[in-house]
């Protein structure tokens, strides 16, 4: 609404909205905005700081590794029982990539070998079951022992069922085996169906379950079995983990590579029992067309443990500027972490290998000048 002044002097006495006044209003609005949104602004600043730290850390790390341009003469470990795994060394090896890819009954000793033109394979002794590889073990074992036996087969786990198709695939796989029940890789510590967890924390039953009526039931037990025969075939029940049952071990498919001893999930792992620092080991692996190993699942972590028969540590190709922040040297994203021991002043990541003992598979940070055995990893070309 317009304001009229009877006296011209009164008009002159009114405050004039100068540029400084408008600037003051802008400052006030900015102040109010910051006050109302300070949490979001602080979160953004922290994320930016973490990003800058990671970039600076990576730059300093590789600049510091320049002193390693001339690598020392590599000496093998004094542990005489260890065998140096060079890429070209394949004599007297078990060929883990001799496989079968046709679905067949596990009770039948014969199997159809894939033609040489097929590259998608299963490890030796495993059969293609849908999109995964399975090995039926016709030996009644308590659940813990069954899991241990599976681990001995290339780090495999007790089988999982994540959808209806996988249920049908498993029933077809064991239909002629004369088996009624199988241990699965599922454990339920509560009665709620969504509370169950697959082995090595590889998922839950939140998206799919096929429990029979009244299950899971912790009164019967925490371990889950798969029903093979009868009207309830394909459904799941609960049982004491000490109960004896047959079981199926599971591995992912991979790609044929006759030059690879340790072949898992379309990657080749090359073990070197020589002691280097992480910068030196990364350069060494690069010269072999690979990278220092990165790990992206609990299943992969489990597989790597089967490569080693020692008590000690191996280098991983990771840097940890923060407990929940790992940068892999091969540039792959961080989708999994088993970093249990983090030290602020130590940023290079190592893994304990202890042949099933305490801390087996645990990760921890250490000074980057420490020298240990290491594992290279390269993708297998399809």
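Cβ atoms are placed via backbone N, Cα and C, with glycine included.
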**Report entry** Listed range which Swiss-Prot flags as transmembrane segment, given the options 41-61, 62-82
**Finding:** 41-61
Requested in this report: Scan 97-116, 117-136 against Swiss-Prot and say which stretch is down as region 'Disordered'.
Outcome: 97-116
Query raised in the report: Looking at the disulfide-bonded residues 241, 285, 348, whose Cα is closest in space to that of residue 150 (disulfide bond)?
Result: 241
Query - Within the predicted model, mean pLDDT of the topological domain 'Cytoplasmic' (1-40) - result: 56
Requested in this report: Could you find out if DSSP has residue 189 (N-linked glycosylation site) as helix, strand or coil?
Outcome: coil
**Report entry** Cα-proximity to residue 189 (N-linked glycosylation site), 10 Å cut-off, over disulfide-bonded residues 241, 249, 285, 348, 368, 376
**Finding:** none
Report summary line: In all the protein chains shown, the tally of other Cβ atoms within 10 Å of the Cβ of residue 285 (disulfide bond) is 25
Query raised in the report: Tell me, how many other CB atoms lie within 10 A of the CB of residue 348 (disulfide bond), whichever protein chain they belong to?
Result: 22
